[in-house]
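Read through the structure below, which is laid out as structure tokens, and then see the notes.
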């Protein structure tokens with residue numbers, strides 16, 4: 001039988017196994033070398049530990065509504081693992097645990113599974129770990145494999161094989177079917193590895209199981225490929241709960257930088273868990289670095305690079321911090337300043353003109369995939385076009401355009417013909433414009449070209465402009481996880497095992513103090529309801545963990561967590577602030593940085609990403 | 001003063017320097033770590049050596065014409081460096097040497113310069129090395145920098161900053177101006193680092209200087225980013241000359257596999273120097289590997305990946321050997337089999353149908369950038385379109401189409417509308433269709449989609465087809481050179497220094513035996529004229545080093561080089577044969593291999609590319 005863990009299509013991956021050696025090795029030398037890369041555990045997980053509960057938790061918003069939606073699990077304290085010896089495994093009974101990878105691929109997913117598995121092996125003899133196949137659907141259909149060392153080993157430190165982030169995978173669980181599976185397999189616990197929607201569902205499932213008096217606990221594990229898992233506004237007083245939340249989110253103490261005056265205050269802002277973005281970031285940053293060398297040495301192209309990350313611009317910001325491009329567009333800033341496409345075009349053209357005066361007719365420009373979603377006038381135009389295309393005849397002569405509002409007509413005429421065509425032609429099954437398919441980088445090249453032509457006429461620009469477009473997408477999503485990600489994910493899984501053994505439910509596995517050596521990382525669990533707010537949909541309140549956007553406003557937040565004597569310092573907006581403070585220099589001077597390929601051994605092999613370090617107050 | 005070597009636009013790169021530390025470090029951690037990566041030399045270069053000449057050389061074709069074009073340098077013996085002590089530097093006089101990077105960027109270019117520099121420092125005290133700026137134009141304009149350790153150091157093992165492969169940079173030198181520069185700087189020698197055209201020009205320059213009795217020698221260094229430097233048909237008897245040629249081209253002895261019967265024979269085929277392609281190959285292979293993981297785990301997309309390399313499909317073949325995609329199109333094979341676009345479409349559709357029956361509705365397909373240049377019917381269509389567009393009115397109703405020949409009309413109607421538009425709209429300044437701008441990967445997706453729809457109608461296909469297009473271009477061209485490339489290029493430069501000191505001219509620096517440990521590499525120089533053939537242009541013979549294409553036919557070639565007792569074994573066509581023998585398996589089974597990112601330390605850090613190893617008879 002071949003080793004296959006949670007592969008979407010049920011297909012087997014033939015890889016070498018430690019014990020049998022039966023299977024043909026289809027791993028490259030680098031992949032093979034990763035298999036035995038050691039995974040150190042935080043000290044607290046290496047010895048006996050106990051779980052200390054914090055004070056009751058609230059919600060990220062509308063706690064009353066969240067409390068109504070989650071009567072059983074709302075308000076749970078966060079759990080913190082500290083040295084001690086209180087976990088009861090005296091019964092000697094092993095646990096039956098299920099695990100599922102939900103949503104899009106993220107490097108490191110299988111290390112979470114390895115962590116759970118190893119926890120059960122180390123601390124909870126006689127346990128069984130079921131891997132559900134094909135994402136959450138595997139739970140409903142009770143489609144699983146029993147995970148063994150032979151199954152697990154080939155995926156250590158390898159690329160996560162998960163199911164596509166298909167909406168069908170992450171809409172609410174079919175609770176009835178999930179219950180049947182839980183009962184059938186006699187599950188003590190279930191670990192859901194996923195993003196905001198998946199963790200919301202994990203919490204709904206925890207609530208459901210608890211309300212039915214099922215013994216099955218549910219623990220979430222955070223997975224976000226573009227760093228947009230969000231925990232919005234914590235309106236409670238500061239306390240252990242919040243601290244753990246921050247710990248979970250990867251914003252923990254840099255003890256050397258504790259402000260002398262320790263003040264207690266409310267933690268009134270969203271925080272970002274930048275964690276699993278690293279292979280994205282590193283592969284994209286490597287490619288951007290290469291394009292920069294090309295741009296500079298060739299000396300005659302402007303490279304417009306569109307980067308994955310539609311809802312938020314975290315990846316673009318992180319890549320900018322790593323590579324220092326001449327221009328970086330941050331969607332959140334474009335939205336906050338209510339910029340128009342013309343504004344964006346002018347901004348780019350201005351930099352190009354200034355660079356031309358300095359003799360530089362080349363450059364690198366980073367664009368987030370979701371840019372046009374952040375431009376209000378474009379949204380308005382698309383809404384009007386959808387309406388017109390649904391009800392009107394689109395005539396060659398363009399009479400239909402009279403249906404557009406004047407400002408939308410002006411914008412439409414401002415767009416390059418190819419983009420006009422894309423807006424008119426590309427429809428999704430519901431007849432809507434497929435915004436994601438619009439090649440923003442090509443659109444901007446054409447618009448900038450037109451603008452520069454105009455400036456040339458009035459001698460405001462004397463350079464030569466040639467644009468080259470790039471889209472970095474899928475090729476970055478499935479890279480080998482870095483050393484940091486491998487270790488971090490393993491700790492998340494190991495912690496999830498501990499939380500399940502202690503009977504916790506409705507928590508999300510939380511590993512913090514990430515800027516410190518691994519031994520000093522903190523581990524615990526945070527109430528999933530505490531990350532939630534509600535949205536009103538179809539007249540009903542729906543719980544959501546909202547996506548985190550790039551924070552534009554700065555501010556220091558520091559706090560003392562009483563129960564674990566850990567200081568928390570989080571620099572809100574620090575990544576954007578750093579970027580904003582340097583972008584003028586990057587625009588005109590050439591401060592390009594080429595990070596090179598991800599290294600697993602030697603220099604830079606244990607790097608943590610810039611966004612996280614900046615938020616932790618480190619100098620990068 | 002900032003460190004700047006041969007940067008196209010004359011701009012400075014601020015980097016850390018070993019002696020002064022004055023400049024801000026703008027290198028990433030990985031880049032910095034590369035600076036001090038050791039560069040081992042072949043043993044022969046570490047001790048005293050002498051140069052042993054082989055027998056007179058001929059040309060790759062039309063030796064009589066080549067002899068007429070190069071009366072001074074034609075027929076020169078190849079030079080082989082062997083242990084000994086005969087190079088005369090008793091005069092104690094340093095040399096004045098110029099160096100230029102010509103043509104497109106290639107990783108490792110600056111290591112050639114480091115090699116020359118270190119040779120002069122080590123073996124030829126008091127020498128001066130001039131780096132010409134902006135490519136060959138720098139020679140004409142006498143625009144140079146004097147290279148010092150401070151200048152050189154920051155570029156060791158870094159990315160080559162050269163000028164764009166603009167035709168203007170590699171068309172024949174202005175000999176008069178080059179002479180003036182050689183005289184003004186009192187140059188003893190000039191090293192031209194470049195591809196086929198640049199080396200042809202280097203030879204013309206060598207001839208010119210020799211004919212004018214200038215003392216300036218010219219040595220070429222091979223640089224090819226897509227492995228298409230070619231040495232066509234050597235019609236002379238086998239001998240030392242050919243052997244060295246093979247040594248230069250990286251096809252040298254694997255002594256363990258010498259056939260027992262040593263036979264002398266003619267070496268009647270072209271050979272490929274796969275050398276500097278590695279960062280391309282490795283970055284592309286890494287990205288393809290990631291796309292494969294994505295394809296497999298998502299389970300619902302066919303990824304059509306177009307790869308750089310227009311004239312020949314070496315990069316595509318090498319990437320296929322490294323990653324095992326389901327389908328790989330090799331332009332040379334398409335041309336040899338005279339395939340039509342319909343044939344290519346059917347081939348892809350056939351594999352997709354078979355895979356659908358196996359339950360696989362996903363896959364990865366590699367396409368060389370130059371694919372359509374290899375399809376005769378497309379060339380014909382483009383020729384007819386150029387003619388029509390130059391002279392006819394293109395009417396909306398399509399009456400103009402009647403001017404097309406029946407077969408071209410049929411092909412045109414077969415093309416997707418978007419490609420029809422591209423063919424009709426994209427013009428270069430001469431009014432020709434810009435074939436390079438045609439997005440072959442998108443074209444094939446649409447054509448395959450249409451074909452599959454047809455098959456669906458007749459129930460010959462029951463799967464779901466969704467195509468995703470990728471183009472991997474500039475982001476691969478400027479990667480950090482691998483350990484192999486760094487060492488290889490350094491040896492090329494060091495050898496060039498030795499050849500110049502011994503007064504050689506019109507040779508190309510040649511490093512061989514590359515599958516052996518570095519200590520055993522062989523070094524020498526090969527007569528540039530021996531690589532040449534002639535083409536007739538505008539009624540005149542023009543010397544050319546032709547581009548090497550992927551060899552489709554196999555065959556072993558082994559030979560004994562008398563003067564250095566080195567056996568040469570070269571397996572012509574071995575890379576394609578290996579690919580051809582496995583592609584059916586790769587098509588239907590999933591043998592994807594993810595090479596991971598280039599590693600500089602630890603496992604896989606000293607790998608050599610598969611194409612080269614296969615040609616040398618190694619198992620990969």
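Each residue, glycine too, has its Cβ placed from N, Cα and C.
Note that the structure is a prediction, hence the values are computed from the model and not measured.
As annotated by TrEMBL, active site, proton acceptor applies to A:226.
What TrEMBL records for A:104 is diphosphate binding site.
If you look up TrEMBL, you'll see A:196 marked as Mg(2+) binding site.
In the three-state DSSP reading, residue A:309 (substrate binding site) counts as coil. Per TrEMBL, substrate binding site is recorded for A:224, A:225, A:226, A:300, A:301, A:308, A:309, A:310, A:369, A:474, A:475, A:476, A:477.
The average pLDDT for the domain 'Phosphofructokinase' (A:96-251) in the predicted structure is 76. Summarising the annotation, TrEMBL assigns domain 'Phosphofructokinase' to A:96-251.
Annotated site 'Important for catalytic activity and substrate specificity' per TrEMBL: A:197, in sequence order. Other Cβ atoms within 10 Å of the Cβ of residue A:197 (site 'Important for catalytic activity and substrate specificity'), summed over all protein chains shown, number 19.
If you look up TrEMBL, you'll see A:223 marked as site 'Important for catalytic activity'. In the three-state DSSP assignment, the secondary structure recorded for residue A:223 (site 'Important for catalytic activity') is coil.
Counting in whole angstrom, residue A:301 (substrate binding site) lies 37 from residue A:223 (site 'Important for catalytic activity') by their C-alpha atoms. Residue A:196 (Mg(2+) binding site) and residue A:223 (site 'Important for catalytic activity') have their C-alpha atoms 8 Å apart, to the nearest angstrom. Across the structure, residue A:477 (substrate binding site) and residue A:223 (site 'Important for catalytic activity') are spaced 13 Å apart at their Cα atoms. In sequence order, the recorded positions from A:196, A:223, A:309, A:369, A:475, A:477 that place a Cβ under 8 angstroms from a chain B Cβ are A:475, A:477. Cβ-based neighbour count (10 Å, all protein chains) for residue A:223 (site 'Important for catalytic activity') stands at 30. Counting only the Cα atoms, the space from residue A:369 (substrate binding site) to residue A:197 (site 'Important for catalytic activity and substrate specificity') is about 21 angstrom. For residue A:223 (site 'Important for catalytic activity'), the nearest of the recorded positions A:197, A:309, A:475 in terms of C-alpha separation is A:197. Looking at A:196, A:301, A:369, A:475, A:477, the binding-site residues in this record, the fewest other C-beta atoms within 10 angstroms of the C-beta turn up around A:301.
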